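As written in TrEMBL, here are the features:
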type	residues	note
DOMAIN	23-294	domain 'Sugar phosphate transporter'
TRANSMEM	12-35	transmembrane segment
TRANSMEM	41-60	transmembrane segment
TRANSMEM	72-93	transmembrane segment
TRANSMEM	99-118	transmembrane segment
TRANSMEM	153-175	transmembrane segment
TRANSMEM	187-206	transmembrane segment
TRANSMEM	226-245	transmembrane segment
TRANSMEM	252-272	transmembrane segment
TRANSMEM	278-297	transmembrane segment
Amino acid sequence: MKQTLLNLSANGRLIAGLLVNLLSSICIVFINKWIYVHYGFPNMTLTLVHFVVTWLGLYVCQKMDIFAPKSLPIRSIVWLALSFCGFVAFTNLSLQNNAIGTYQLAKAMTTPVIILIQTTYYKKAFSTKIKLTLLPITLGVILNSYFDVRFNMLGTAFATLGVLVTSLYQVWVGAKQHELQVNSMQLLYYQAPLSSGFLLCVVPMFEPLTGDGGIFGPWSLPALATVLFSGVVAFLVNLSIYWIIGNTSAVTYNMFGHFKFCITLVGGYLIFNDPISINQALGILCTLAGILSYTHFKLAEQEEGKSRLAQRP
């Protein structure tokens with residue numbers, strides 16, 4: 001009886017963690033898009049709010065012993081903090097200037113770019129099967145962009161920069177975690193305030209501080225409440241990702257990611273009335289097929305590698 005109750009409690013925590021990640025990951029996209037469409041809040045300032053709230057949230061977490069901070073040399077994470085600024089800022093600019101479907105599909109190009117970076121600069125080898133899955137991903141993104149009636153060069157430029165910087169950031173995060181022997185929360189605990197400092201210096205150069213559209217402008221209470229809420233949701237995304245990776249398998253995390261990908265696409269068309277053509281739908285399906293294939297082959301290779309290690313004397 002006691003064991004059954006423990007299992008039910010563990011399953012309940014798992015379901016709760018997955019639900020928090022599902023809701024926060026989807027909500028952050030829609031909330032940010034709502035802020036841009038209905039309030040016109042400045043992009044870089046919104047990014048700065050997210051960084052500050054994330055750091056405050058992590059500070060509370062370490063006080064509650066959810067994780068133990070580790071002292072890190074600031075110089076070793078400067079470039080990582082700068083890429084974090086670019087990754088979030090360009091991703092938000094892509095969301096601001098593109099339909100949600102185009103924004104979401106553009107993010108899928110991160111996988112091919114990461115593979116290109118790791119192959120070119122880190123001399124990492126990938127199987128032919130993995131490389132072939134990049135074809136439908138790329139083809140689907142091109143199809144969707146070509147037939148997107150809201151296609152614009154500015155949105156495409158931000159999406160491209162977002163993919164490039166995000167790919168660099170993800171590669172560097174993995175390298176820094178290995179180099180410094182820290183987990184993602186320990187790294188983010190130092191990275192978030194440093195990134196906030198960088199943005200604080202840059203924001204006045206690109207965005208007004210006062211008047212209409214400025215951070216100290218005449219914003220309504222609902223606008224400020226929505227911005228603060230988006231910061232809390234952004235923190236929950238980071239926290240729940242860390243929890244899911246630590247408490248489930250890679251298969252669960254990846255398949256859950258595909259589910260969120262589909263819901264976000266559908267939500268964009270329903271909530272913001274983004275138009276979609278048959279050719280765009282084919283592009284979405286093509287990209288999704290490529291992502292699923294990539295995940296399947298990648299996880300199969302990881303399991304095969306573990307089996308070989310286990311069989312060694």
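If you go along the chain as it appears here, the first residue is 1 and each next one adds 1.
Positions of Cβ are set from backbone N, Cα and C atoms, glycine also.
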Leading contact stretch, 72-93, 187-206, 278-297 vs the transmembrane segment (41-60) - CB distance under 8 Å:
187-206
So what's near the transmembrane segment (226-245) in sequence-distant terms, Cβ-Cβ under 8 Å and 6+ beyond its ends?
17-18, 20-21, 24-25, 27-28, 31-32, 34-35, 39, 41, 46, 49-50, 52-54, 57-58, 61, 183-185, 188, 219, 252-253, 256
So which of 72-93, 187-206, 278-297 has the most C-beta pairs under 8 Å when paired with the transmembrane segment (99-118)?
278-297
With the transmembrane segment (187-206) as the reference, find which of 72-93, 153-175, 278-297 contributes the most Cβ pairs under 8 Å.
72-93
Integer mean pLDDT for the domain 'Sugar phosphate transporter' (23-294)
83
May I ask whether the transmembrane segment (278-297) has at least three C-beta pairs under 8 Å with the transmembrane segment (153-175), counting pairs 6 or more apart in sequence?
no
For the transmembrane segment (72-93), find every same-chain residue at least 6 residues outside the stretch whose CB is under 8 Å from a CB in it, and list them.
32, 43-44, 46-47, 50-51, 107, 158, 161-162, 165-166, 168-169, 172-173, 176, 179-180, 182, 186-187, 190-192, 194-195, 198-199, 202
Spatial neighbours of the transmembrane segment (278-297) far in sequence, C-beta under 8 Å, 6+ residues away
101, 105, 108, 111, 127, 129-130, 133-148, 254-255, 258, 261-262, 265
